[in-house]
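Engineer: Here TrEMBL flags 35-54, 75-94, 114-133, 145-164, 184-206, 213-234, 240-260, 281-303, 323-344 as transmembrane segment.
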């Protein structure tokens, strides 16, 4: 069995500050390990997609799939769920075995960063295991995956808001405020301009007729939410500036655009989807980009465990782990459920066309609710800051 190369604290510091190539050249270490786990996650996504679009002929030969209630078409959906289940089990076992790790060179640190042959056999076994289970268990996992995917979206949302807030605080630091003021205003102006252009384009593309009331509501409400976040951020007692609501505006416009694009192809208000219903090179590129974006988002969210710490540790020890191993694997475990929901359109009882991802009315409403939740969390955090400021002023007055 491979236990990983022993590296002292000096070696760890050199690897941490070194290039991507140095991190891989020095063998088993947590910086190299996160890329390997990301690659495993990408391969699981590709396997699930291949089984959905091209694996039905092979799956029909398996006796366990003959009881599929929806007929031959749902075999692709079951294939996605089975791969997702195996991927979830792998990362959840890793989560249970690494949660609470705080020091490098410990046994759990070595397990996270090494033992790749053992983990390879475990991954193969957990990938095959779901294909031996009856359809009823897989359908039950599919129902649970709705909740797990929602947890992943919530974690990703908090991570994005935390990053935007951190970026704004860096620009507003005393030593950088005057020097970066012009850059902040330029960035905020650009973000607001892109938001307005995005809203206009959505009106042009997705509201071809006055009867498209649902799309009109989605787009108009998004515009209102941008104005709401801006008003809250510019409150005299908060004074968070333009940058944070501008970047949040970009995020909610993007989510609204993804939500409307997820509407079924047959809808008259989604002519862009009708134009892309045939499988061409643009459709394939869009699918590949969406798949890679989802993997990258999972990877970046998994590494960002600091935004979920209620108490920041200012005295960072030399032998402390570079990121939360347990949180990292938990994000990937919920991400396994999330990619299953994207590939089946959040509906485990119907099939999807080839080279499509996250299409259907369920997908649309999941995106819309995610947009509203993002604005709600941002507004709550901002108003909470205002409340604390009022409380501090009241105590000082007393």
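Residue numbers in this text run from 1 along the chain shown.
From the backbone N, Cα and C atoms, a Cβ is placed for every residue, glycine too.
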Engineer: What residues elsewhere in the chain lie close to the transmembrane segment (184-206), defined as a C-beta under 8 angstroms and at least 6 residues from its ends?
Structural biologist: 171, 212, 215-216, 219, 222-223, 226, 241-243, 246-247, 249-250, 253-254, 256-257, 260, 269-272
Engineer: Under 8 Å for C-beta pairs, could you tell me which stretch among 35-54, 75-94, 240-260, 323-344 has the largest tally with the transmembrane segment (145-164)?
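Structural biologist: Checked against 35-54, 75-94, 240-260, 323-344; highest Cβ contact count belongs to 323-344.
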Engineer: How about the transmembrane segment (35-54) and the transmembrane segment (240-260): do they have 3 or more C-beta pairs under 8 A, pairs 6 or more apart in sequence?
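Structural biologist: No, these stretches are not in contact.
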Engineer: Which stretch, 75-94, 114-133, 213-234, 240-260, tops the Cβ pairs under 8 Å count with the transmembrane segment (323-344)?
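Structural biologist: Comparing 75-94, 114-133, 213-234, 240-260 against the transmembrane segment (323-344), the winner is 75-94.
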Engineer: Can you find at least 3 Cβ pairs under 8 Å between the transmembrane segment (213-234) and the transmembrane segment (240-260), where each pair is 6 or more residues apart in sequence?
Structural biologist: yes
